[in-house]
C-alpha cells in the first residue's frame, strides 16, 4: 500500500516481552520483562526495531538467570538461604515493598524526554530513536506516592498531569494529583522537570488500609474526574505477602456490594465538588474521554461487572486451551455517566437531575447524595484511544480493539459515540493491539488522519505487520510486514518528527 506523505515520526510501543528466565517463569502475562518496539516513518518508508528495557530488574534477573525481582503477579525470593529471622526483619522494615522498575505498560512524554512507565513509583527514561535505556526516575523523591497510573494527561502547554496513591503516609492514605511542568526556567536548564513537580491536590481514601486500584482518570476543561472503585488493595496483606509467599495481586479484592464514588476536582480552586455522586460496584481500567455540557460533566469509560479480567491473563490460562479457559464472565461495556454539577438544590428526592438528552440518570437521594446510572453506548470494546486534540472536549469517535468471547482482540473498531455506528477492520489469524490515531496536520475534521496498530498473527507461518488504516473510512492504506516474533504489546504513543531530538542536539 501507500503511506500518506505527511506521516513522519515514530510509533513507540511497550509491553511484556519475556516470561521465562532460566528455569523460572512469571505467573502472569502483565509481569513479563518490558520489550519496547518502534516503527519509524520516513519519506514513505517504515523502519522497525525492538529492544528490551534494560531496567535494574532486567539486569538483576538476567545476571542471576532466574527471577529475583517480584512483579505484581509473581513473588520472587532473592536469596533462598535467608533464614526466617532475616525474612521477618526485612518484612518489618518494608511495609511498602521496594517495587520493580520493569516499566512495561506505556510511554510518557515529560519535557523533551520520553519515559517507559508502569504503575510503580519508578519510570525509565529512554531514547525514542535507539530504544536505549537511560536513567531511572523515582517519583517518590519528588512527591509522596507509592503507585502511579500509566495513563497521564497532557494539557495544551505539554504539562503532564498524573495521579498516584500515597499509602499510610503520616497516618493517612490519599490519592495525589500532581503536575510535571513541560519546561523549566532558563537559568535551571540542567535540572529535570521533576524538580519542579507540584501537587495539585489530594483526595483522602475512603479507607486507610484499603485504597482503591485505578489505571486511569478523566479530565475536562475545568475538572478532574477520579473514580474510586470497590476494587481495592489490602495494605496489611500486601505487607505480609512476602512472608506468606503470595503475590501482591492476591492482595486485591473486589466488593460487589459496595459503591463506586465519583470525585470531581475543580482545577481552578483545586477543591473537590462537595456533592457526593456515586454508582453501583464496578471494575474498570480505561477512561475514554470526558467533557462538560450545560452544567453537566459527561464521562465515558469501559467497565466490567467483576474483576475476572485480570485473572484471565495468568499464564496458566493462556496455554493451548486458552480459548476454553478465558471466556469472559463479564463483557466490557462502554458506559456514559452524566453528572449534573449545576443541579437544582431544591429538587425533590427521587427526581432525575439530568436535563440534557441522555438515558443516563442521576437521582437525588434523601441524604443529598446523587445516585448515577449510565447510558450503555456499546459492548465489547477495550484499549480505547481518541483524537487527543479532542481530549476533555465534546467528541465523536473512539478507536478501540473489539473483543468477543475472550480478552484477546480479533478486530479493530471505530465507534461513533453520538450515532452509535461502528466500523470494523478484521482479517484471518490477526490479533491487533491498541489502535492509535494520528491526525493529519491539515485536518479539518475529528477523524481526518490514520489509525496505526501492530498485528500479531495467530498462525505461526504468517508474518506480523503494522497496519495503517484511513481513520475516516476505516479502509486499509497499507501494511508494513516485519519478519520477527512480535509480542502483543499494551500501550504506546506516536512521536511527531519535530518532537524527536536528534542525537546531535
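Here the Cβ of each residue, glycine as well, is placed from N, Cα and C on the backbone.
Here the Cβ of residue 151 (Fe cation binding site) has 20 other Cβ atoms within 10 Å, regardless of which shown protein chain they belong to. The Fe cation binding site annotation in TrEMBL covers 151, 215, 286, 491.
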Count of other CB atoms lying within 10 Å of the CB belonging to residue 215 (Fe cation binding site): 15
Shell of the Fe cation site beyond 151, 215, 286, 491, same chain only (C-beta within 8 angstroms of their C-beta centre): 105, 106, 149, 150, 216, 285, 287
With an 8 Å cut-off on Cβ-Cβ distance and a minimum sequence separation of at least 6, pull the same-chain contacts of residue 286 (Fe cation binding site), or say none. 151, 215, 216, 301, 302, 382, 383, 384
Does residue 491 (Fe cation binding site) have same-chain partners at least 6 apart in sequence with Cβ under 8 Å from its own Cβ, and which are they? 13, 14, 15, 105, 106, 107, 150, 151, 383, 434
